[in-house]
């Protein structure tokens, strides 16, 4: 892959130069208090920002947060992120009240060497996500005018054809940040020749969300362990009753075909935790996966399945995990995710956690992040990379 890196930029002397860093600071906020509930994505960009600060660059950070509708919305402001980023960097971060307006221009103009500014949410401007190339390009022109060089360190957004990811690199000297480089190296290992046995664990709610990655991975993996809400569509494809559990009827035939083609590679739950309702305090017990009672809803994999999955993971040399095994946000239905995560952490293997809900689960369940070889910051981006798709943000860096 022909991509210039942050080290290439640093070698050119960046003291006093304005460097625009596209970060992925799309962190979860508590709906009541507005407090950041998981700062993993902020921490992930620190190596790149720290190197630029150390080198005396004027660092201008930009990011999106949530899905505002192309206009300012206080619920999606990056202001709390500026505060947390400053704490982690050990120096105040200057916050611009807009993205490319008067506040952004004056904030950037006022930066001293080695200082950091954070622009307001990119998605407050309709040009960021516009399908119209002219509108997107006009916004990219304004963003690029704030800087002399561009660093993409937002792996979680490289699968988006957005102005800050795809169009700005065409307007400035551009490089990949430390995080993007590490992500591409790790995922390249998984798509190349991973050490065997290679075991993939997939969870999450929908088969339809994971179908393309299952199709891409099946020929490459030795075992594919399926949990989460998506397992019920596979169980239905085997002819089992799934009660009121999450089911994609239109995917049953597809799952049947996958099971036939997999030749025994796909491992499904043998027991599940079924509840009377989708609620944290609902009465629940463990039932056989091949006969979930009607009106009961499966919300986690059962202990026998956890033990079986753990046994399959024990001898693996490469493991990729994407998607929780159950509704881990409810304590009663977090045991499956926790048990499988611990088995992955304890495996003598190269272990990759594929972003999104899985990364959130590792932190929410208090597991040691250092126990995994790599925790990706890109849920959708990591899956699309494994599917073999061209990622717009990576393509823009290669140009």
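Each residue, glycine too, has its Cβ placed from N, Cα and C.
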Please identify which of 4, 105, 136, 160 is recorded by Swiss-Prot as part of the substrate site containing 24, 25, 26, 41, 64, 65, 66, 67, 123.
160
Within the same chain, and leaving aside 24, 25, 26, 41, 64, 65, 66, 67, 123, 160, name every residue whose CB is within 8 angstroms of the centroid of the CB atoms belonging to the recorded substrate site, in sequence order.
63, 121, 122, 156, 157
Of the binding-site residues listed here (64, 66, 123), which is spatially closest to residue 358 (ATP binding site) when Cα positions are compared?
66
Distance, residue 123 (substrate binding site) to residue 356 (ATP binding site) (CA atoms, angstrom):
20
Secondary-structure category, per DSSP, in which residue 298 (ATP binding site) falls:
strand
Within 10 Å of each Cβ, count the other Cβ atoms, then let me know which of the binding-site residues 24, 329 comes out lowest.
329
Measure from the Cα of residue 64 (substrate binding site) to the Cα of every one of the binding-site residues 210, 298, 329, 357, then give the nearest.
357
For substrate, with binders 24, 25, 26, 41, 64, 65, 66, 67, 123, 160, what's the maximum Cα separation in whole Å?
18
